[in-house]
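Asks: Let me give you the structure first, and then I'll get to my questions.
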Amino acid sequence: LSNKSTAKLLHDSGLNVIVLEAQNRVGGRTYTLRNEKVKYVDLGGSYVGPTQNRILRLAKELGLETYKVNEVERLIHHVKGKSYPFRGPFPPVWNPIVYLDHNNLWRTMDDMGQEIPSDAPWKAPLAEEWDRMTMKELLDKICWTKSAKQLATLFVNLCVTAETHEVSALWFLWYVKQCGGTTRIISTTKGGQERKFVGGSGQVSERIMELLGDRVKLERPVISIDYTGENILVKTLNLTWLSTLFHQFLSLWPSQSLE
């Protein structure tokens, strides 16, 4: 989605753009599946809420509408074959030791996030240390109980559709802070799960693709970029060379940028 929104901005500014998409579809970690049985269902990023002004503004420009997620009934926390109804952002915990562990988990993540500058996360006092640490390593360090670690792992899975060993602690803590903290990002009303897109979130990238037309090239995974000449030469897996580029933008999952 980030590369499509960048391409749209450049295109709207009158610049000539080309988008090389590695997959056979657009959308990245947003993916709307459509069929006769379900009509549509989001399998990736789905929700939007307060403070997420840029995606809401972009969606409005593209003519997309949102609807509020139902929170009238109780929520269900299903674990080990049992269902536990509850209200509020987090499932209840009855064991006092486990409760303290859960409380320490959310407080610690929010406190660490406060140490990270929003516009320059690399300037955090412990940026280098946290960036070398995965969220799995951080959770192993701060969680005492299996219950807290399982819920925290699910929290990472849901927030960024990734496993805890795949994401930097610095990046994830910064991400949660940008969303308003652990409570806001996980909440429905006035939180990160407040709304969904009518027709699915995949439409955001799909409508940008319609605007850009044949400037979007699907199934073009980039395998090399050559900066040695006057122009930037980009080679894709199918041996197509583009030799008239003056600027290039890379849209990568954080763990991919380290490879």
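Here the Cβ of each residue, glycine as well, is placed from N, Cα and C on the backbone.
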Asks: Per TrEMBL, which of VAL204, VAL222 sits in the FAD site along with GLU21, ALA22?
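Replies: Site partner of GLU21, ALA22 for FAD, according to TrEMBL: VAL222.
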Asks: Between 0 and 100, where does the mean pLDDT of the domain 'Amine oxidase' (5-236) sit?
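Replies: A mean pLDDT of 92 is what the predicted model shows over the domain 'Amine oxidase' (5-236).
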Asks: Need the DSSP three-state call for VAL222 (FAD binding site) to compare against my parser.
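Replies: VAL222 (FAD binding site) sits in a strand per DSSP.
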Asks: Non-local Cβ contacts of GLU21 (FAD binding site) (under 8 Å, 6 or more apart, same chain)?
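Replies: Non-local contacts for GLU21 (FAD binding site): ASN3, VAL216, LYS217, LEU218, GLU219, ARG220.
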Asks: List the same-chain residues at least 6 positions away in sequence whose Cβ sits under 8 Å from the Cβ of ALA22 (FAD binding site), in sequence order, or say none.
Replies: GLU219, ARG220, PRO221, VAL222
